[in-house]
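Participant: First the structure, then my questions, so here it is.
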C-alpha cells in the first residue's frame with residue numbers, strides 16, 4: 001500500500017466517514033434556492049449545480065451496476081478473468097471508492113466559476129462530438145499513457161500508485177480506488193476534451209454527459225474482471241485491437257505491471273513498445289471460455305431465500321451491504337416492490353443458481369440458492385415444487401462431481417423431505433454426499449449450555465434437533481471437551497440436567513424417552529404448559545414462541561434457539577442466542593459476503609457441518625435422524641479443522 005506522509009496521497013475528508021457527503025450540501029442548497037426564487041423553470045434552464053449532482057449520481061450508478069454484473073456469478077462465472085473471490089479486506093480497502101466523484105464535482109464547480117460560459121452551455125451541438133473525439137485521442141490518451149507510465153516508477157508507485165494495485169481482484173470499484181494526486185491528474189485528463197470543446201464554442205450539456213459517462217463506463221469495463229468482448233470480433237476487424245481495450249487487456253496490466261499502460265486505446269502501448277504480447281491470445285482463451293479454469297466445487301451449501309428484504313443481501317445487489325451482517329436499511333424498503341416482483345418471476349422461471357463462493361485449502365466451496373422464499377416452504381401446494389428444485393440441484397451436483405452438498409434450514413425440513421432422506425432413498429447411487437448438518441448444529445447448541453445447568457426447558461423436542469439434544473443431555477457419562485472452547489474449563493462430569501420437554505404428544509415423548517438408557521429416562525420430564533418453566537433460566541427454543549409465552553421465563557433467562565425464523569428478542573431482562581453458527585478457519589480465501597445475520601467469516605452450523613464432512617472426507621450421507629453418538633465426534637472434527645464456536649448472545 002502507499003506510504004503515509006507523501007503529499008496528496010490522502011483525501012481531505014478521509015476521517016469524515018459518511019459525513020463526507022455533506023460536501024454536496026452547497027450544491028443542493030443552490031438548486032433549492034434557484035428553484036424557489038428563479039422564475040424560469042424548464043428543462044432548458046436547469047441549474048449547473050443540478051447538472052453536477054445528476055452527473056455525479058449517474059457516474060456512481062455506473063460503477064455500482066458494473067460491480068453488480070461482475071458478481072452475477074450465474075451469468076459470468078465462465079468468463080471471469082481472475083478466479084479468486086473478492087474478500088472482506090479488499091472491500092474495506094475500497095470502501096471509499098467514490099471519493100473521486102466528490103473531488104471532480106468540486107473541481108467542476110470551480111471551473112464553472114472560472115469559465116462562466118460553462119454555466120450556459122446549449123443542450124446539444126453535433127460539431128462538439130468530433131472536436132471532443134479529436135481532443136481525447138490527440139491529448140487525453142497520450143497524456144494518460146505518459147503519466148501512467150511515470151506512476152510506475154519507483155517513487156511514484158511506492159508512494160501513490162501501489163494503492164490502486166493493492167486490490168488482488170480488479171473490479172469497477174477498483175477504478176475509483178486511488179490517491180488524491182492520481183485523481184487530480186485524471187480530472188485534468190477527463191476535463192481537457194470537455195473544456196477545450198467548450199472554449200472553441202462547440203460545447204454542450206449533452207456532450208458533457210455522454211463523454212463523462214462513457215469515460216467511466218470504459219474504466220469500469222477495464223476493471224470488471226469479466227470478459228465481454230468475443231474474440232471473433234477482433235479477429236474479423238483487427239484494427240479494433242488498437243482502438244479499444246478489453247477487461248483481459250487491462251487485467252494483464254494489473255498482473256504484469258510493466259505493460260498495457262493505455263487509457264482505453266492499445267494503440268499507444270503499441271507505439272510505446274509496452275503492449276503485452278500475450279494480450280490477444282489471453283483474450284481469445286478467456287472469451288471462448290476454454291481457459292478460465294471453471295473448477296468443479298468440492299462442497300456446495302444449498303441455501304434458500306429467507307424473506308423479500310433479505311434477498312437483496314447479496315453481492316450482485318450491493319457488495320458493501322452484503323459484506324456486513326444483514327440488518328434492515330432504508331433502501332431495502334425502496335427496493336422491496338422490485339425485489340418482490342423478481343421473486344415472483346423466479347418462482348415461475350428460475351432454477352437453483354450460484355450466488356457466492358470461497359476457497360478453503362485449495363478446494364472450491366460454493367453457495368447455491370433455491371429460488372424460493374421462506375414463506376413458500378409453508379404453503380402446502382408449493383412443497384412438491386421446492387423438493388423438485390432441491391432434487392435437481394442434488395442431481396446436478398452429483399453429475400458435475402461435487403463431493404458434499406449441505407442443505408440449509410428449510411431445505412431439510414422434516415415435513416418437506418425428512419431432512420434430505422427423501423432424495424437419498426430415491427437415488428441410492430448418489431456419489432455426492434447429502435448432509436443436513438444437524439449433528440454439528442446440535443453440538444454447537446449443547447456446547448453453549450453452561451456446565452452448572454441443572455434444569456433445561458426445551459421446545460420443539462420432537463424435532464430431529466430437539467430429540468438429539470434431549471437424549472444427549474440426559475446421559476450422565478457423555479464427555480464434552482469444553483476446554484477447547486472455553487479457556488480453562490473441562491467437562492469431566494456430564495450434564496445431569498432435568499429435561500423439561502414441552503410437547504402435547506405423549507406418544508412422541510415416550511418414543512424419545514425409550515431411546516434413552518433406562519437409568520436416565522427419569523431425567524426427561526414431559527410438560528404441557530409454559531408455566532412449568534417459570535423457574536428455569538435455560539430455555540432451548542426449537543419451536544417459535546410468542547412474546548407472551550416468553551414472559552413465563554424468569555428474569556435472567558437465556559434463550560438458546562434453533563428455530564427458523566429466530567424468535568423476537570422481546571424480553572429486556574433476558575438474553576437471546578442467535579442461530580447456531582461457527583467461524584470458518586482462518587485460512588479461508590476469497591470470502592467477501594456475510595451469511596444473513598452472521599458476522600464476517602461466520603456461517604450457520606448446517607453450513608459448517610457440510611464443511612466438516614468434506615474436510616474429513618466422510619463417505620456417508622447425513623440425512624434423517626441425528627446419530628447422538630456422533631455429536632462429540634463431529635464437534636471434535638470441527639475444532640480439529642480450525643472451525644471455532646462463536647457467541648451471539650445479546651440483550652434486547
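Any Cβ shown, glycine's included, is placed from N, Cα and C.
As listed in TrEMBL for this protein:
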| type | residues | note |
| --- | --- | --- |
| DOMAIN | 134-274 | domain 'Fatty acid hydroxylase' |
| DOMAIN | 497-645 | domain 'Very-long-chain aldehyde decarbonylase CER1-like C-terminal' |
| TRANSMEM | 18-36 | transmembrane segment |
| TRANSMEM | 48-69 | transmembrane segment |
| TRANSMEM | 100-118 | transmembrane segment |
| TRANSMEM | 130-147 | transmembrane segment |
| TRANSMEM | 175-195 | transmembrane segment |
| TRANSMEM | 330-349 | transmembrane segment |
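I would like each feature placed in context: is it buried or exposed, what are its neighbours, and how far apart are things?
Facilitator: Helix, strand and coil counts under DSSP for the domain 'Fatty acid hydroxylase' (134-274) come to 98 helix, 1 strand, 42 coil.
Beyond the ends of the transmembrane segment (48-69), by six or more residues, the same chain brings 24, 27-28, 30-31, 34, 75-76, 97-98, 101-102, 104-105, 108-109, 112, 118-119, 171-173, 175-176, 205, 208-209, 212-213, 216-217, 220-221, 224, 226, 316-319 to within a C-beta distance below 8 angstroms of the stretch.
Sequence-distant contacts of the transmembrane segment (100-118), counting only residues of its own chain at least 6 positions beyond either end whose CB sits under 8 Å from a CB of the stretch, comprise 11, 13, 20-21, 23-24, 27, 48-49, 52-53, 55-56, 59-60, 176, 178, 180, 183-184, 186-187, 190-191, 195, 198-199, 203.
Only residues 6 or more beyond the boundaries of the transmembrane segment (130-147), in the same chain, are considered here, and those with a CB under 8 A from a CB of the stretch are 185-186, 188-190, 192-194, 196-197, 200, 202, 207, 211, 261-265, 267-269, 272.
Same-chain residues lying 6+ beyond the ends of the transmembrane segment (175-195) with a Cβ under 8 Å from its Cβ atoms: 2, 7-12, 63, 93-94, 97-101, 103-104, 107-108, 111, 115, 118, 131-133, 135-136, 139-140, 143-144, 147, 151, 160-161, 163-164, 167, 203, 207-208, 211-212, 215-216, 219-220, 222-223, 263.
Non-local neighbours of the transmembrane segment (330-349) in the same chain are 305, 308-309, 311-312, 317, 371-373, 376; each lies 6+ residues outside the stretch with a CB under 8 Å from one of its CB atoms.
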Participant: Could you tell me what the rest of the chain brings near the transmembrane segment (18-36), counting residues at least six beyond its ends with Cβ under 8 Å?
Facilitator: 47, 49-50, 52-53, 56, 96, 99, 102, 105-106, 109
Participant: Tell me, roughly as an integer, the mean pLDDT over the domain 'Very-long-chain aldehyde decarbonylase CER1-like C-terminal' (497-645).
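Facilitator: Taking every residue of the domain 'Very-long-chain aldehyde decarbonylase CER1-like C-terminal' (497-645) together, the mean pLDDT is 87.
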